[in-house]
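If you check TrEMBL, you get these features:
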- 1-89: domain '2Fe-2S ferredoxin-type' (DOMAIN)
- 40, 45, 48, 71: [2Fe-2S] cluster 1 binding site (BINDING)
- 111, 114, 150, 152: [2Fe-2S] cluster 2 binding site (BINDING)
- 217-400: domain 'FAD-binding PCMH-type' (DOMAIN)
- 333, 334, 335, 336, 337, 349, 390, 408: FAD binding site (BINDING)
- 751, 782, 895, 1069: Mo-molybdopterin binding site (BINDING)
- 863: substrate binding site (BINDING)
- 1246: active site, proton acceptor (ACT_SITE)
């Protein structure tokens, strides 16, 4: 039988295929449909989602329509299925789907790389609601994208687009959009939305007749077997040779975690075996087949009605809804999860739940099916290493008087994160107080042990006991000895404390008299609130129409449908080769040789290029900045772990990546210096990069005098800041094409094509006029696609030049993370002097910045850090900043590079000053805000005019709009009333300095009156093209002829071409959009001047109105030059300016788990006269949420050799929908005229990121309350965890960090206190 399926209604027949081929690989390389994106390859981001439909021939209907990860789904498993991608829902030719239109209209797409997957997620939720004959609710709409990652938007507009489809939405709660105007009635609002009627995707007729049942694919062509019964499965297992490697497949989701490199001889699809796919119920049990997906199991457990114990199944289902994400649950099977837990130590939630439910499993062993208790199964030898197969799971119906609770602590509550620990408890207690424990099952998992376990010693201890504080204290003490994380487990003590906390959470309500048992719960369950409510206040300006209007982002609907073309979407030529880097795993060593495992060249490898393959006329250069070049490859010595050593070139990307993993590099560390792996080592060995005086700010005032005036001092205080990875959704990618006459054309996903161009020419030893670099759009950059994109494009160009074949590289996420460098880590030491009223008098700061091995842009860091740090009046300020050269990957500019650290350093010092004085930190902040005079002292000419200094106004405005004082009192009251949850609220100001740069532009009017525009800036999702389009419409609208007011839709901004428009520079620093706008405005001024004489002549000659088309036709007839280009060069005196904003955040910390939940954030930001309020709003929210990632979540660390430890979505957690503020309010201040700015506008891309420090400071405040409470519990010092009032909250403040500061022994201390009271 042949493999046959449909994609968007189009028929595909595959004669033969490697069974390891994924659906995504096929779609991207064999179809025109490119909306499915490869961003992680792990099932962790949602960029590759598709809808899959299956047909039931007996019922003559589509039996299943759900969304799945195409990056994990194996192609052979979709035989007979219909696949729908985002462009299959709708497209530019056939008309966009209402989902696409609403995503565009709600400004929910920035770079657009993740948007098609978001659309499929939402469509899946709508489809599921339709299947249940119900309508989508607000909660379901929000949860529909909970597993999808977006690095640009901050999620709020995405959630609004989704909620617009919900039946219970309050339409007035939805944010800024293009569908209605302020003041419209609800009826008008609803009617203005693109109409939606759910139409089930049409199932192709040619597939309806295809009989998949009992017709396996031809084994010889596909190495794929599909048994249709347990006996067939047994025969299949026996038929294989003993040495044959065999893989059982349902959804293949395990490959996202374990990333099997093993080549299997055969694949066995067990999803069609009825006994393994059924769900059975009777009065005593529920049976779930091992091949049943987690989603179907959840539905089955939720459907259990009628019995008094059905609440337990619903609780299990609720817990399972937090496993993975909905698209992984749609594919991953119950059995697969358990087998990974049993054989590969996978941290399984399902195993823990089943242990507490006293479940059993049925295992096929030969022809016999054996029933085994789940605990015995988990402890038995791995079924993966044998011919045994898990067939089904049996969960007994619990007794009606059972209590059941489950627990899970993870970096995200429902957004695809493995737990630090989980637990599930079942218990029966007497129903009169004091409660006696009759029986309990206590299961714990994911804490770093080999598997989920039952804490039987604790169970035996508790059974038959009257519950009391002393009994519970003994139980948790016992438990600490049982929960033993493995030796290499991260945060081992934290995980132990979680287990203790879960046990305490379950039992203490039975001891505290204020609680009650309600329907099997301890207390009644709290109704879950929607994720997000929000509001935005923006003022659209009509002074420079259409500039100032909230125009929809250029190409937003195309991005939503997936038709917007990124570099990897460019159709691959038949002879195209693919590259992958081999990188060093040693920090400093001689490279003796580069070979492959077993000295066998892997399949598909065409060449391996090193520095020796660079042309003799060229240079070993892979990047450059104003501070110098960086090498493309290591030469004889590798300087750091992660350095590029060679490029493998192969026939496919898969083969290139596989070959790079099989590379064996032989090192020699003899006679090589010890590597410098810390800033302290760099100081000892005087290893620093030189910082030009231009980038080293001058001190302010007399610090010695300020210290003498100080009434109090903090001396030699020290803290550190960590790094952060960009996590752009589109990894680094480039395509190089050899051209005639020794030329090369390169398509690069880069923020700096001009520099890419120059580096390629230098590397190849050819003139720059022989190189052409084209960049249309970039799938997220944040600074990471500037310098770090250069070696990727250069390596492709080198390979294309040498091999005379097209060469493409699409870097896998792990390699990208290892090489990216990320944000600069640093160590600070400071002395600060202040008066007893909180007024600062002097600050002395010593700073060590880890720049890595190459200069990159690191020498600008002292200047960048000191800008925002000067936001307070320190009295006097001096600093010693050293940029350290280490044997680590070079750090680079990441959104607000140095500025976010500088702003936070200021806050950390202010927090410590307030703490040492026992003062309210908000009062200390206010005391030290600049007057205009002190602003000029610290910022000199950059301070601008008095009326431009809006920070005091913003400070006061946000106090009123956020009800700051009232909420601060409510926080105090909350903290007095709650033992295990504490809140904090914080208000933080920012001053962010930006600089305009010279930027080119060209505007050309074509003969039909349409306009084409070129700019030096690159569209990376920040709305640059949109603002430029608006500016050109405004500029050419100065002709005032009929039709010129409708020019916006006739303007197209085209891709960057380094031979078409030179001197493009970097797209960075927040000002590229306004610079590009000013460049094209100047072009328009030139064009209007050229057209003026003709207009006057035509007005004299012709009566009636003059239309735009008539004017342009006549201009062509008279050979008027209708193409104008300029290089906008800002005035030196005003090229730098200050941005202001204030953020208020309120956070609630769970003392048991360390989870910090952001309840509300209010932002007010001065954008000047916004060029596009919708775009600027998106930039503000997106930057703020990226800042939350830096301050609260994202750990980007290296091992003892300096190699990056995080490898993808499993261990690097960026914010998701469930981690952003529950209430999110943003206001743009329209601060009037700024005569030196572009149409009075100001930057918005980076400054708001600094405001996320308000979340960190609020968390610190909550921890302070927890520590204060902890001190009041002191009974003895045996479990002292150092919880004094002086502490430093590290960045990022992850759950283990927060819990550690609240107290790892807080439960024991509390119980000790209660026992002492008695």
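Every residue gets a Cβ built from N, Cα and C, even glycine.
Put simply, 782 is the one of the binding-site residues 40, 45, 335, 782, 863 whose Cα lies nearest to the Cα of residue 152 ([2Fe-2S] cluster 2 binding site). Closest to residue 1246 (active site, proton acceptor) in space, going by CA atoms and restricting to the binding-site residues 111, 337, 782, 863, 895, is 895. Compute the center of the Cβ atoms of 111, 114, 150, 152, which mark the site for [2Fe-2S] cluster 2; besides them, the chain residues with Cβ within 8 Å of that center are 109, 110, 112, 113, 115, 149, 151, 153, 729, 779, 780, 1021. The C-beta environment of residue 895 (Mo-molybdopterin binding site), restricted to residues of the same chain at least 6 apart in sequence and closer than 8 Å, consists of 782, 783, 1183, 1186, 1245, 1246, 1249. Within 8 Å of the centroid of the Cβ atoms of 751, 782, 895, 1069, where the record puts Mo-molybdopterin, the same chain has further Cβ atoms from 781, 783, 784, 786, 893, 894, 897, 1020, 1067, 1068, 1070, 1245, 1246.
Nearest to residue 111 ([2Fe-2S] cluster 2 binding site) in space, judged by Cα atoms and limited to the binding-site residues 45, 349, 390, is 45. Residue with the densest Cβ environment among the binding-site residues 337, 751: 751, by other Cβ atoms within 10 Å. Note: residue 334 (FAD binding site) has non-local neighbours 288, 289, 290, 292, 293, 294, 297, 350, 393, i.e. same-chain residues 6+ apart with C-beta under 8 A of its own C-beta. Here the binding-site residues are 111, 114, and the one whose Cβ sees the fewest other Cβ atoms within 10 Å is 111. Residue 337 (FAD binding site) sits 18 Å from residue 71 ([2Fe-2S] cluster 1 binding site), taking the C-alpha atoms as the reference points.
Take the binding-site residues 335, 336, 1069: by the count of other Cβ atoms within 10 Å of each Cβ, the lowest one is 1069. Checking each of the binding-site residues 48, 114, 150, 349 against residue 863 (substrate binding site) by C-alpha distance, the shortest gap belongs to 150.
Among the binding-site residues 114, 333, 336, 390, 408, 751, the ones whose Cα sits within 10 Å of the Cα of residue 45 ([2Fe-2S] cluster 1 binding site) are 114, in sequence order.
Between the CA atoms of residue 335 (FAD binding site) and residue 1069 (Mo-molybdopterin binding site) there is a gap of 50 Å, rounded to the nearest whole number. Around the Cβ of residue 782 (Mo-molybdopterin binding site), a 10 Å sphere holds 31 further Cβ atoms from the protein chains shown. Among the binding-site residues listed (114, 150, 349), 114 has its Cα nearest to the Cα of residue 71 ([2Fe-2S] cluster 1 binding site).
Among the binding-site residues 48, 751, 1069, the residue whose Cα lies closest in space to that of residue 349 (FAD binding site) is 48.
Working note on the binding-site residues 408, 863: by count of other C-beta atoms within 10 Å of each C-beta, 408 ranks first.
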